[in-house]
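S.K.: I am attaching a structure below and will ask some questions about it afterwards.
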């Protein structure tokens, strides 16, 4: 059932029309907002062009000189054929396209007497001479001359189709730009739209908040290659002494190398064409999710002492597999929806709903890891296995630091999103996902350092003799029975130290039985 759900989500997203810096409009409907009908056409952070010619009047000249622009391409509006003929003949119906930078949002709309703000000009405002009735209300920006920009597509007489002339808008100021299709005529409630707009930054078609991630993933690919060279060199030198845990670490490093490389090529292709390469995106997401799940499971079983204080997980194996599988499914769906959905620079509400299961499962991993880690360290202390204990203490320190840093960063994320409702800090948005990649990479480096393959790797593996040898040694100091004069065998009273050691053995036997039950 879970696999079918994942496949259904993947197929639906892969077959969905491309949503990218090339925004396609087909099958979308206008939403009634107050006295206007509105369709959000796009929202992206755009960097200013280095030498945009703001005086270019025709589209070809503007496109030739602009490094950053928004372009309209074959956008048409169709009204229903069953629209009343008298309405068609007498109405000068029109659709307006409003483009503005987020700083100018207060320039949009108005009210006659300080009441609720309207988007479309009302008769009261028209009487005051503030606007033309039926048009979108906006005031020229004091900060950005020539903005907001308004374009019109009109229906002539009984025509069913209105076409928006193709044009290019050069971007001369860095900012978060928004586009809306708006009409004020209730007779156009069932209006259909078709066409696309193209949004471009000076360095390519990647949206502004995503553009720095291309170079970031290039650097992360290089970092994983360096880590891989170090690890595989150590692995090949000591391949006869390799532990199962070290094989698992090798898998995680390999998955990380593929993930970072796929993300880099995905962003490079996206930047070149303006359309997300969904095949590459799907595999980048899947490799990343498998790597993340494998890393979580490995940290958990290491914390349980698998291969160090216990040879198996016993009855806990099925629970670990179940938690890992559920975590993979929830994370894969979240990442697919987030990366194959719309690429507007807006925070999707649907993402919040999908984040909750992942957050709960992640918290379950963390709690289980620290509970298991405390038990394992306790067993190592009781058995006085100082070499293994030292490694686990360093591992616990690294985990505690990573959890504290994660909590602090989550607090920053919540603060950042709650205080930036209009995404005005979009230029720094890339840092949030980049941070999680860096943190997981650093934790992986710590694990590689602590459990690096070496000629002495086997001394950190589970060895039953560490328990049995100590038990045998303790039995050698037990006093022998002495015979009494009447022939009865009696034993001398054990010394206090011997009694204490025998109690320790009993405690160890209890710990061993507990491990077997686990």
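Glycine is no exception: its Cβ is also placed from the backbone N, Cα and C atoms.
Whatever TrEMBL says is automated annotation, not expert-curated.
TrEMBL feature annotations, pasted as is:
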type	residues	note
DOMAIN	212-457	domain 'GOST seven transmembrane'
TRANSMEM	216-233	transmembrane segment
TRANSMEM	245-265	transmembrane segment
TRANSMEM	280-309	transmembrane segment
TRANSMEM	316-334	transmembrane segment
TRANSMEM	354-374	transmembrane segment
TRANSMEM	395-414	transmembrane segment
TRANSMEM	434-452	transmembrane segment
REGION	479-518	region 'Disordered'
COMPBIAS	483-494	compositional bias 'Polar residues'
COMPBIAS	508-518	compositional bias 'Acidic residues'
S.K.: Give me the stretch from 316-334, 354-374, 434-452 with the greatest number of Cβ pairs under 8 Å to the transmembrane segment (216-233).
M.R.: 434-452
S.K.: Do at least three C-beta pairs under 8 angstroms join the transmembrane segment (434-452) to the transmembrane segment (245-265), pairs 6 or more apart in sequence?
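M.R.: Answer yes: the transmembrane segment (434-452) meets the transmembrane segment (245-265) with 3 or more Cβ pairs below 8 Å.
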S.K.: Do any residues of this chain, six or more beyond the ends of the transmembrane segment (354-374), have a C-beta under 8 angstroms from a C-beta of it, and if so which?
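M.R.: Sequence-distant neighbours of the transmembrane segment (354-374): 296, 299-300, 303-305, 323, 326-327, 330-331, 333-334, 337-338, 392, 395-396, 399, 403.
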